[in-house]
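Chemist: Let me begin by handing over the structure; questions about it come next.
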Amino acid sequence: MSRIRFMSMVPPPALRWNEVPVEARELYILKGYRPLSVGVVKSLASAFALHNETLNIWTHALPLIYFAWWTILDLGDARSLQAPGSHHPLYAYIIGVLTLFAVSTGAHLLMSVSWRWRQVCFMLDYAAISFYGVATARAYYHYTGNTEHSTKWYLLATSAAALAATFACCWTRVSQPKSAHYIRTLSFFLPFAFASLPALSRLYVDAYFRLRFLKHVFLLVCGAAVKVSKVPERFAPGTFDIFGHSHQVFHVLVFLGIREQFWIVMDDVKQVESSSSSSPISAFGPLAVLAALMLITLAFFSARGDTPKKNK
Ligand SMILES: [Zn+2]
């Protein structure tokens, strides 16, 4: 490779907080910002450079590999134990988990391509969280022994909550209200709460489920608390710019929390005695419709507010 071609791939040096637009600054993070608008190639190459997004990328890229790996290893086992149709909700759940981690990794990696890409990356990230919530709801509800008829109404309500959450998060991205952080955290909680409803009935009768589910909830709540409170960087601004800031801790806690849930669902499909089957349309149709509506929502918001404010 010629030297000129190699140099065109090297990401530019990271910047200080006062060298990036106001909206791109993170509270208590003073340095390590990637320049905006560096293009696709340099953004991809930045995965291997040190800046304040490096560990945000890898703390979700490695879990993506973990879940993909265990899906491949464990799915054969699960398939051999139950009727074919009973696996569809499991597949829907796995699609939700892999989408969440793949979109998050891609968003953190590519948000430096341009300002518009940055906005779209954030919005895709919000949508993927809500999408994952509905995929979880699909599996939880099915393996709790509910009928396909009641699943329909429950999924409809969960999907409506997920869409509302995505809409609210995208709106905060464009309008930048002071309470944006709280609105987004609440919006993430909404699909999660809906998705967890079917699980509540099992808390009293299934000790294995109770332990894993409470660990799952505890880890996600800790993740949300760390994200909102901006701990540890609020106590030592500038110290955790590259390693150890709250978004990285949040990512790790989200991975550990979802890992507990992943094994709940993987074990469910093997252990539920006569799990009723579900047609592919019933398992994947609602998710496909939701994904389409989310993309329309994203297209609507991404057409607005596509330039940053001037530096202050
Ligand atoms: Zn993130």
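Note that Cβ sites are derived from N, Cα and C of the backbone, with glycine treated the same way.
Copied straight from TrEMBL:
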| type | residues | note |
| --- | --- | --- |
| TRANSMEM | 55-72 | transmembrane segment |
| TRANSMEM | 92-111 | transmembrane segment |
| BINDING | H108, H247, H251 | Zn(2+) binding site |
| TRANSMEM | 123-141 | transmembrane segment |
| TRANSMEM | 153-174 | transmembrane segment |
| TRANSMEM | 186-205 | transmembrane segment |
| TRANSMEM | 283-303 | transmembrane segment |
Chemist: Are the transmembrane segment (153-174) and the transmembrane segment (55-72) close enough to be called in contact, which here means at least 3 C-beta pairs under 8 A that are separated by 6 or more residues?
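Modeler: They are not in contact.
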Chemist: Any residues 6+ beyond the ends of the transmembrane segment (186-205) with a Cβ under 8 Å from its own?
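Modeler: For the transmembrane segment (186-205), the far contacts come to 126, 129-130, 132-134, 136-137, 140-141, 144, 146, 154, 157-158, 161-162, 164-166, 168-169, 213, 217, 220, 224.
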Chemist: Cβ under 8 Å to the transmembrane segment (92-111), counting only same-chain residues 6 or more beyond its ends: which ones?
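Modeler: Hits for the transmembrane segment (92-111): 40, 43-44, 46-47, 53, 56-57, 60-61, 63-64, 67-68, 71, 75, 117-118, 121-122, 124-125, 127-129, 131-136, 138-139, 251, 255, 258, 262, 265, 283-284, 287.
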Chemist: Centre the Cβ atoms of H108, H247, H251, go out 8 Å, and tell me which other residues of that chain have a Cβ in range of the Zn(2+) site.
Modeler: E53, L55, N56, I57, T59, H60, S104, Q248, F250
Chemist: Are there any residues at least 6 positions away along the chain from H251 (Zn(2+) binding site) with a Cβ closer than 8 Å to its Cβ? List them or say none.
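Modeler: Non-local contacts for H251 (Zn(2+) binding site): L55, N56, T59, H60, S104, G223.
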